[in-house]
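Trainee: This is the structure I want to talk about, given as C-alpha cells.
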Amino acid sequence: GNVVVMWIILAHKRMRTVTNYLLVNLAFAEAAMAALNTVVNFSYAVHNEWYYGPAYCRFHNFFPIAAVFASIYSMTAIALDRYMAIIHPLRPRLSAAATKALMGLIWLLALLLAFPQGYFSVTAELPGRVVCLVEWP
C-alpha cells in the first residue's frame, strides 16, 4: 500500500502538493521499516537468538526508531499544513523547495534522535545463544 501511494503521488504531476509530499515521506518511512525489519524481527522473536551480526544489530536498533520519529514528525507536519490551510486559507502555502527542506529536516532530526539507540547496540553472548541488545552506559 505505501509503495503504491508513493508511486501515484510521484508519477502524477498534479498530485505533487505539500500535503502529498509529506504523505510520500510518511509512506517511505513506514514502507522502509516494514521491508527492512519485519523478517528479522520475526526470526529473532521465534528463535530468540541473533544471527545477523553486530553491524545489523546496530542498524536494527537504530533505523526503526528513526523511521518512527520520521513518521510522527511527518504526521505532525501534515496536521500543521492542514490547520494552516483551514485557519488561513488565503495565505500562501509552503513552496516545493521549502517542503523538501522540511522533509530533510524531519529525517535529520529523526536520525539524530535515534543515533544513541544504534550507537549503544551490541551483540552479547549468553549461555547457548547470541542476543542483540542496547547496553546503555
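Note: Cβ is positioned from N, Cα and C throughout, glycine not excepted.
Pasting the feature list from TrEMBL:
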type	residues	note
DOMAIN	1-137	domain 'G-protein coupled receptors family 1 profile'
TRANSMEM	21-42	transmembrane segment
DISULFID	CYS57-CYS132	disulfide bond
TRANSMEM	62-80	transmembrane segment
TRANSMEM	101-120	transmembrane segment
Trainee: Mean pLDDT, the domain 'G-protein coupled receptors family 1 profile' (1-137)?
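Mentor: That stretch averages a pLDDT of 95.
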Trainee: Let's check the environment of CYS57 (disulfide bond): how many other CB atoms sit within 10 Å of its CB?
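Mentor: Within a 10 Å radius of the Cβ of CYS57 (disulfide bond) lie 23 other Cβ atoms.
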Trainee: Determine the Cβ neighbour count for CYS132 (disulfide bond): the number of other Cβ atoms within 10 Å of its Cβ.
Mentor: 21
